[in-house]
Every structure is written in C-alpha cells, then in structure tokens.
C-alpha cells in the first residue's frame, strides 16, 4: 500500500519538474542527479511493498521515501513560487530580485543535493535487503474510459433502499405495529452489533406509510460516540420546526424548555440513532416529557440503553442474515440488473460466492462490502483469488463468534486493499471527518483536487466519478436524491470508518486533534510524519501556534458545534507548506484575517465559509495557486475585498461575500479557469468579466440597477457550459421591459435555474433551456399564472414558487402538464386564493410542499388523482387546513392515498 502512495507522490513530483522546467534553469546538474535517484527508487518500490508486511525495516524505508518525495516537492515548488513572486518591474526591484534570486538558487541547489543524497542512502539500504527490480504496473483508466464507465455506473448502480431490503421485511412490519398500534411502549429500541443493519431497519420504519400517516412530525438524529448536548437538541428541534431561524442561536437553557413544551403538545416520532452508553441518554433525556403522545425509536449496540431510557421499553434484537439471505443481498450488489436480464452466473462462481458470504457472519455491511469487491471481478480466476485471500487468513462461520468478527474485518479491509492507489487516497481522506458526519461532496471534491488527486476533467466531474466508484464498492454511503443524479452528501458506516481510520494510521495519513490532552487519535510512531491535521475541538488551535509543524499540508476544521477562535496571527507562521486550509465558521480576534495568511503560498484550498471576518488582507495576492476560495463570511456589515483575486489565475471555485462595501471593485476577467462562481455582483465587477469564463458550470450573479441588460445577455451567451444559473436583481429594479431580452434557450446544458426577477409574466417556453430540470422563482411579482408555460417544459423535475413569485389569485395545472415533475413547492404566495389541478396533471409528482399561503382556501380536489404522491408537507397554514385533512375531515379524501402527510406549525 505504501508503495502506491509513494508512486503517486513520485508522479506528482515528475509532473512538477516537467511543468516548471523553464523556471528551474540554472540548477540542471542538481536536478539531473535527483532524477537519476528517483528512477532508481521507482524500480524498487513494488518489491519493497511486497516485503513490507513481513519487515518493520522495509515499512520504515517506505515511510522515509514518502517523506523524501514530499520534501523534494516542497523544496522545488517553494523555489518556483518565490521566483514567481519576484517577477516585478523597476530598476530597484530588479536589483533586489536578482540578489534574492541568486540566494534562492544557491539554497535550492544545496537542498536538492541534500535530498538526492538522502534518497541514495535509502536506496543503498533497500538494496541490501535484496529487493529486486520489478516494473510498477497499475494502470489508471483514461479520461475517456472513466467517462464511459461513469455512464454505465449511473445506469446500473442499484437504489440503496432496494438493495438493503433483504431479510428485514417482517421485522419492519413488527416494529411499525408497536409504534402505531400499541400505546404501551413509548420507547422502542433496536439493539445489535455494528454492521448488523440497525440503521437500515430504523430507516425503513421511519419512512413506512403507516408511520408517516400516524405521527404529526418526525426527527432523526444520529448521536454517535462523540456528541454535544446542544447539537442533539438543536437537530431535533430543527427537524420538528425547520423554519425557525433562531434555533442555531439558542443555548441549552433555551432549547430545553422549548423542546420539552413542543413534545408535550404533539404526536411526534423521534429516532435517536447509534446511542452508545446509558450515560449518553442521561445527558439527553431532560427534553423528553413523561406525557405520552410522542414516541422514540432508539438504536444502540448496547441493549441496556433502551431499558435504561424507559424500563417499559420494547427491545427488538436485530438478527443476522441467514446464508440464503446473505447470498441474495450479495447478488443484488454484484448483479444489480440480473432480474431484468438473462444474465446467468457461472456455477463455480456461484458456489464460491455462497462460500465467501459465510465469512461475513450474516452482517449486511460485510455482505455489501464483499459484493462491492466482487462486482469488479468478472471471471472465475478473479473470484478464486478473492476467495483464497479471505480463506487463507480467516476461518469464518455463520454465527457471530470471534472468528466471524475477524472475517468481517478482513472482508472490509480487503475492500480497501482492492482499491487502486488513486481511490485509496480518496478513501483515506474521509478519515478527516468526525463520526457520523454528513460530508458535503463539493467540499470533498475540492479537497481532493487541492492535494493533486485530480485529473484533466473538471473538478466536479472528476470527483463524481471517483465517489461513484467508492459508492459502487459499498465503502461509502451517498444520498442519491431522486431529483438529481448528483450526490450532495456522503457518509461512512462506523465499522467502515474504523477501517478507514486504521488504514490512515498505518499510512501516517493524518493526525486528528481533539483537545490539548488528546492529540493522537491517528498518531504515527513519529508524529512529525503526519502531514494532515483534522481539528475536532476549538480548544486545540493553540497547539498549532506552539508546536513546530513545518511540513503540514492540510488543516481542516471539522466540528461546528462549538466556538473556534483564532486569537494570534502566529498560528500560520509554522504552517507555510499548507495546501488545504478550511477555517469554516472560525472566529478571528477583532474580525481580521491575519496578513500572515499571505505567507501560505502553497495553498490550493482556502475556505472562510461562515467565518467571523470583517477584513481581508491584501497579502492574499500571494496565494497564486488557489483552486478553491470561499469568502462567504459571516459579516454583519459589508466587507471590503481587496482587488487581488485577479492574480489567482488557477481558481476553479470562487464564492464571494454576499455583501461587499461600495469601495470594493474587483477585476475578475482573467479568471478563465473558473468552473464555479457565486455572488458575482455587477455593482463590484464588470459584467464583461464573464465573457472569457467559458468553463463556468455554476454561476450566481447579482445585478445592480446600473447593469446594461444587453451587455448582460451577450456576456451570458458565451457561457455555453452552464449547468446552474441563479440571477438576483436588486429589489428596486423593474424588469418588466427587459425580461424579453433575457433569452436562455442557448444554454443547452442548463439544468437548474433560479430567478429573482421582477416581471409581469413568465417568458414563453421557447426562451427557456431545452433540458431545464429545476426552476426556482422568487420575488418575481408575476401577475399572470406561470403554470401554463412551466407545465410545457417537458424535462422539469422540480418547481418552486416563493415569496411573491406570483401575485395573482388563481393558478391552474392542466391535464397532461408537467409530465416528469417530481417535486413542487409553493411558499409565501400571499395573494393566492385558488389552485386547480386537472386530472392527468403531474403524473409523476412525489413531493408537495405548501407553506405560508394565507389566502389559499383549500388543497385542489385534483390531488386525489395523483397516485404517485408520496409526501405532502403543510407548513404554517391555518388550523382549519389540518382539521379538514386529517382522517375524518371533510377533505381527507384528497390526501388519503398519500403515505406521508405532515403538518408543521399549523395549530395557530
């Protein structure tokens, strides 16, 4: 494994030497010596890795080599960047630059000679162990091959909810009965070991039709081993009252009575997933009243937790799969479309498969991991190698004894070891995140890119391809929403995360810092070899200022529940080689981002999302290698952004502050590599800056009253690769006379469109992109019903009308309209009184939300014809709505076919 990581580092080093050959002139002799040693090194690595598991010395050699490769890259890149910074104008600058250049060149030559000698010494020691030259041979897929496989994956990867449902059907029905029909039990507990399927079972119960009809509100909170009381209470309250914007500002003393009172007055179902200890319940329980009405479904590895929470608790013991069920689940993963095709499995492969699943101990997680491993093997010899690899190291059975647990761990580890090197890198990066984290995939993709785990396609395409590979192998869980093929979030099962942490420790991949007294969650024998830090506690920042961490490449803040303060600029002084710096939600003393940030010249990723910052230093101009920059800070006053972003020519992602002061003027026209640009403002930049940004996929633009709409249209016309566009006009702009110029039909790739544009009526359907899938209209003040136009956009999957998008009295959804619509939301339409839905309209609708439409008299009668509808949310509507739509109400016939009808804040 380490060989793969070293080879990956060597590839990056060779790329750097090739790319910067012109700037490296003058040290040719030293570079030639380095290259000779690197070639010798590459020929030894494969055999070294084969001997690694049997020799601590070989393992240490590989770690030494990895350090040497990193050091060489740091030395060369630092020299190139310093040379680049010195390329100024003027005689005095030229003299100073020449003197500094000669000094730097002498130093880099000396440093390279030092690295070369260290590599030579390591090679000599490795050769003394008899390691023979073996060709390093793992081939990566080409970009074209990956795109082809990506299309196949999108077509064949099974929906997780379907593939999970093996051997649990009877258990689901039993649990639903206890929750819905039996008032004796207020707490129902699902107990069992990790990986046995407790969460899968709870999820099926949570979404069951009878459960969704029975309760008024629902909350799902994953507690896990490390939680904060405030976070758990906030999550419950947020799910029960999602539109209360004050919840995140509440402390425990405010949350406790509010949540207690809410649970006393309603019929709610709460799921507490993964509660580890009785003491955890004791910390949480103060918000739960004894009064019956609400119910709780609790999952835990400890059967005693549920009984401790409620002595009358019904404890349900999750059972392992029998051999037949295990093989059925494995088949669904390996052959996701076998039921639809004539695929016939070789008898020998089937026999091996059935034998291999016995080593999974009946645990669904292990079965799915094995299925993901076998899905990439298509011949008898390949399956035999997997079988031999499992069988030679474990003796398993169909019951959960120690041997079975060892076999499960081995299968999960095999799934990792079977990954190609580039996927191992990506998988181990998930070790940064705390247990049970929902990881935002866009951030993850940009982390990968910042560390060089990125190819010639766009960051989004590259990231999606590799994440889909990990999901397909059942190493990662992703939320594949039916409205989109894209994954927005991903997470890991806790047993798989343990494998990830174990492998990350083995590879010295990162160090997790929780607090000043506990800094070794993943700590190598030599802490200095950890080049990545993940901060899980706000108390840990001072460690960075006082420890010497000159080789750290990645620093990610991964906990948001507590305050993170940076009170000293010195925190950056010892981190000069950072590539990744995520300071999301961090608070800076005095609101100032230290000017020392400009010394982090190697940075590729910088996030200040939600950080308390009121001042950005001009030294940021030195961050010329940035690929990702998020400046969406939490500023109460408009922030000044210095005009230095124009020098960050490598940027792929840029999110600007929502509010910038009047003095801010940004020249962004040279940022031609941008793929994502958000909060671009024509008040602070010229709309013509967009002309050359032809690689843009996602654009959010705010247009001022001084904007020339003809120029806007011509600039946007060049952005033919756009997939998402949000246009926000200042409220004072009257757009009635201009919307006709705003033609969007040439955006052939545009899938998502958001418009906050004043217009008397919606444009004709021919002005919209041909494949538009999602549209959100806000504050449009349309007087004419938009539905007759929108329903003719044949590819629409979701429509949202919000806060004055329409100010008329009546809307009509006609027969045959919206043929593919899955989700519809109508919010804050204060003048809407009547909504007509004709039979045959919206035949695929699955989710409907009605929110705060005070004059709307009733739900349309035509909803009874939409048999596809699975979820109806009624939020902040009059009490009469709820009274008419509950069983026995006069309008119940309209919604009785809908499995999940929720009333949220409708008791006023």
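Cβ coordinates come from backbone N, Cα and C, glycine included.
Residue ranges 15-57, 58-100 are listed, and Swiss-Prot annotates 15-57 among them as coiled coil. All protein chains considered, the CB of residue 195 (ATP binding site) has 25 other CB atoms within 10 Å. For the ATP site, the Cβ centre of 192, 193, 194, 195, 196, 197, 198, 199 serves as reference, and the other residues of the chain with Cβ at most 8 Å from it are 299, 301, 318, 363, 364, 365.
Of all the binding-site residues listed (193, 196), 196 sits in the most crowded Cβ setting, with the most other Cβ atoms within 10 Å. According to DSSP, the repeat 'LRR 1' (575-599) comprises 8 helix, 6 strand, 11 coil. Mean pLDDT for the repeat 'LRR 1' (575-599) in the predicted structure: 87.
A sphere of 10 angstroms centred on the C-beta of residue 199 (ATP binding site) encloses 25 other C-beta atoms. Within the same chain, residues at least 6 positions away in sequence whose Cβ sits under 8 Å from that of residue 192 (ATP binding site) are 198, 301, 317, 318, 319. Residue counts of the repeat 'LRR 2' (600-623) by helix, strand and coil are 5 helix, 5 strand, 14 coil (DSSP-based). Look at the binding-site residues 194, 197 and count other Cβ atoms within 10 Å of each Cβ; 194 has the fewest. There are 24 other CB atoms within 10 A of the CB of residue 198 (ATP binding site), with all protein chains counted.
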